[in-house]
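The following features are taken from TrEMBL:
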- 350: active site, proton donor/acceptor (ACT_SITE)
- 384: active site, acyl-thioester intermediate (ACT_SITE)
- 519: active site, proton donor/acceptor (ACT_SITE)
- 422, 476, 524, 528: CoA binding site (BINDING)
- 268-441: domain 'Hydroxymethylglutaryl-coenzyme A synthase N-terminal' (DOMAIN)
- 1-127: region 'Disordered' (REGION)
């Protein structure tokens, strides 16, 4: 509350002549203008809960002001007599502003700045939501209120650290042109804040507010936004659900800038996830049993100790660009997609052949025939985690205001090679392409991601001229398992919170996953990971059943601590035995590609997903929850879940994606087995030549799969040229992308106003060989 200079107490109730009364709004000068609710005597005034305006023109913000100014606390004011009305101590005639300050006659803003008295008015920014002007603070305090944000350097736009709950009050406008008055006039200002989370609040009720709201410009209704984008209601994009931040919504409520409306989730696109998936691996492999003999190690070290049977590898004819070119074109052809239906393309890889030019820009040559250059996204790198980061970025793009209705394309590809020694058998190579969009058969569950990131030198590549990493094997295993522990804990907490919100109160266990897939450096580590998750369930269960069931015979480990068990052989052996059935039921089938092709780095976990889809029918997969654990050294990890659609009918999206991968085992078996000594020669050749300029690869193109892109040459400026091996069984291959074949109906999306495209039935494609380049630096 405030006092005017007569010393009258300005509170609620009736007062005598010359007195004032405090209200819920703001105060005006001593002329006795009406400022609050209720009746007052002659010459009285009424204080608001926000700020006061003295005729001295004092600015009421946080900071220091000159003589004759006023200083308020949170909703209190001082007049020029120096009466103590706010927080803090002031000298005669001075005061301090609270949460707001006056910005000149008839205006108020949310500044928190130090300014001299009678400073020049700040610039105004138009507010499209209400057709008004909002003052812009141009400086910020170096100190913050208790419980508020950290100090900021000056100058700084204060709204970046806005309180999480703000209430709005409307203030009288200054004299304005007739057009502005017709628009409603006035400005919005903060009259109270709360740093705690809270739903969006409504503006003050009252006749004046109602009149202003009635004439204010409003954002379009949600249905109009949806219609403009060609999306079914319940599928708009963006965090603000079609409203401008800080706008008045159609129901009259006000949203805080940067906040989500209460019903925002209902306006996101429906069932966003993986619509189609393609995998590529090299046409040659080395047998791990033969490699054990060649390396002179004990029998079973690679095949049993690591769980690896075969390892795919690339000759000098293939690099990361050619792998990604191959998998992208195969996905587009198999699903009969036009390149102009792709609005985002992002590549996750740690195989770097250029420290500036991205793999994504090389892939853009596939889009040239379609004329589509409006494609967002770029490369993402952090060891084996880059593919998952690219996938999350694609999902976030589709669920954002940036989405234009087109698909996103995510590519994960790598060539994993090691120096000769114990690590070399854990290599591999390959690429996975995923089409991401709404109405997907594999839906990423919203809000169910458990992430853990930390600094460690477990695996890294500091040598810029070598493909070989530096590996601390023991530390790498510890980082992997500790990340798994933490991600699983975070995931469980989040799904428990969701269940409680829905009225379900029970523990989450591994039985709630239909399948579990993991990043697979080698298959044995995945088996240990399932045991590790069972250990987590065991220790988190307050009353585990140890007499029978999955925890039978494990009572001796009841008091152990997770962090003490990373290399405890007894714990590992006991829980691997206890989890054996769980592993066989939920995980073993996903290791087909890992076992037969090795570690592909970024596409490793998505090769596991492809393996799972290839070996189960749509009816077996429908409705299942698949856990996905992605790990990248250094390190970054996330455990998230995919919900498989319920629709398993013939011709459904789920039926199509499983059918497209049904030949996976046949393709693996069709590869050529290479002797270990030839494999070693290939590794030596790659080591000596992968960074050379003016180089023509030596290995045969005939050993490649049909339709594979390969490296033709590297010129004196390190510019790479590629060509595609013909698809001989289908006639000449026409490598021009986006070609409309006779008798084939292609769906194009020239603008976001069109509907989200479906995937037409797959047909065979034709073409001829063509060479493309990765361009200049």
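Every residue gets a Cβ built from N, Cα and C, even glycine.
Computed from a predicted structure; not experimentally measured.
Comparing C-alpha positions, residue 528 (CoA binding site) sits nearest to 519 among the active-site residues 350, 384, 519.
Overall, the recorded CoA-binding residues 422, 476, 524, 528 cover a maximum inter-Cα distance of 20 Å. Of all the Cβ atoms in the protein chains shown, 20 others lie within 10 Å of the Cβ of residue 476 (CoA binding site). Within 10 Å of residue 350 (active site, proton donor/acceptor), judged by CA to CA distance, lie the following recorded positions from the set 384, 476, 519: 384. Ranking the recorded positions 384, 422, 476 by Cα distance from residue 519 (active site, proton donor/acceptor) puts 384 first. In the three-state DSSP classification, residue 422 (CoA binding site) falls within coil. Note: the CA-CA distance between residue 524 (CoA binding site) and residue 384 (active site, acyl-thioester intermediate) rounds to 18 Å. Counting only same-chain residues six or more apart in sequence, the Cβ atoms lying under 8 angstroms from the Cβ of residue 384 (active site, acyl-thioester intermediate) belong to 350, 414, 519, 521, 601, 602, 604, 605, 630, 631, 632, 633. Its Cβ taken as reference, residue 528 (CoA binding site) is surrounded by 20 other Cβ atoms within 10 Å in the chains shown. Looking at the domain 'Hydroxymethylglutaryl-coenzyme A synthase N-terminal' (268-441) alone, the prediction's average pLDDT is 96. Minimal Cβ crowding within 10 Å, among the recorded positions 519, 524, is found at 524. For residue 350 (active site, proton donor/acceptor), the Cβ neighbour count at a 10 Å cut-off comes to 27, with all displayed protein chains included.
Around the Cβ of residue 422 (CoA binding site), the number of neighbouring Cβ atoms within 10 Å comes to 15.
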